[in-house]
Amino acid sequence: MSLITNAKLYPPRHPRAVHLAHHLAAIAPGVLVTAAIAAAAVGLRAIPGMPGISPMLLAILIGIVAHNGIGTPSWAVPGVKFSLRRVLRFAIILLGLQLTTAQLIEVGGEGLAIIAATLLATFCFTVWFGRVLGVDRKLTELIAAGTSICGASAIIATNTVTRADDEDVAYGVACVTVFGSLAMVSYPLLQSVLNLDAHGFGLWTGASIHEIAQAVAVSFQGGQRAGEFGTIAKLSRVMMLAPLVIGLGMLARVRAKHQPAGDHTATPPMPWFVLGFVAMIGVNEFVAIPHEAKSWIVAITAFLLSMALAAMGLETDLRKLAARGLRPALLGLTASLFIAGFSLALIKLTGWHG
């Protein structure tokens, strides 16, 4: 009777509930670490001379120094990965609440043409220059995708069809993260030198900087309008990820048609958070959000993006750039310079101002 009574009083926990509890326990420490770094980055802005520096930029720098100085503890890794993926995507979705369809239309056909031309030219140039340098084809394609579209997310998505070694994936991610971080430092310094207005600077950052969070952080360094426009431009670029992966998948199947063993088809991933971003723009268009609530949303979004940048820093191992020699690193650097120069040239040649 006692066993029956105990079974009624303490029914067995549902397996899904147990799994969820274990998952939350695994990611909590790392999420707290990224939140602490984000809080420190926000707090550092109170220091005289620091207010003009984005907390997102400070967060990734703190993360890089911490990871390469003392290392990221193993117990924090699950939460760090969660912040880099889920938290980042949720923050991007929330960014939609700061935008309207009128702003979305501002990119226009010419702006989209600049973004598309930059993407295609950068990918083709990187693949060609990789052959010139003698870099492995798979690693070259990963660096090309990461540089031309959206950094680590594009590399991971592209690898579903490229099927490179884990070391190549790690190298490519480190490459685009490091050179994207350098762009975060240099771009704001060049805005006035290059005589770019808010729209021009936003388009330049959105069309050329690798990671979404990096592009958002840099574009907002040029002001609210530049930040909003840079976000739209960058998300427009991300939408081109699926077509690129489809094209690479078709190319991979052509290469593998004489290999009878193994199915080389792959379903290209859809960056679903882009749909959430667009949905939030629609919400902002048709729902009257109080000004005070919008202020909180802006602050929360910036904090979540800082968490994602902190996680990116905590996964950036500078030694990985040296592990496979200098040629792939040279390829990544050259590709980064190419996309910056090509997109800027198109903006200047077309006289684009939004």
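Cβ atoms here come from the backbone N, Cα and C positions, even for glycine.
Taken from Swiss-Prot as is:
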TRANSMEM  21-43  transmembrane segment
TRANSMEM  58-80  transmembrane segment
TRANSMEM  87-109  transmembrane segment
TRANSMEM  113-135  transmembrane segment
TRANSMEM  142-164  transmembrane segment
TRANSMEM  169-191  transmembrane segment
TRANSMEM  235-254  transmembrane segment
TRANSMEM  269-288  transmembrane segment
TRANSMEM  295-314  transmembrane segment
TRANSMEM  329-351  transmembrane segment
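Outside the transmembrane segment (169-191), and at least 6 residues removed from its termini, the chain residues within Cβ reach (under 8 Å) are 57, 60-61, 64, 139, 142-143, 146-147, 151-152, 155-156, 159, 201, 204-205, 208-211, 214, 217-218, 221-222, 312-313, 315-318, 320-321, 323-324, 328-329, 332-333, 336, 340. When the stretches 87-109, 142-164, 235-254, 269-288 are ranked by Cβ pairs under 8 Å to the transmembrane segment (329-351), first place goes to 142-164. Two recorded stretches are said to be in contact when at least 3 C-beta pairs lie under 8 angstroms, sequence spacing 6 or more; the transmembrane segment (269-288) and the transmembrane segment (295-314) fall short of this definition. Between the transmembrane segment (58-80) and the transmembrane segment (295-314) there are 3 or more Cβ pairs closer than 8 Å, counting only residues 6 or more apart in sequence, so the two stretches are in contact. Here the transmembrane segment (295-314) has long-range neighbours at 30-31, 33-35, 37-39, 41-42, 55-67, 72, 76, 80-81, 83-84, 87-88, 90-91, 94-95, 97-98, 152, 177, 181, 211, 213-214, 216-217, 289, meaning same-chain residues at least 6 beyond its ends whose C-beta is under 8 angstroms from one of its own.
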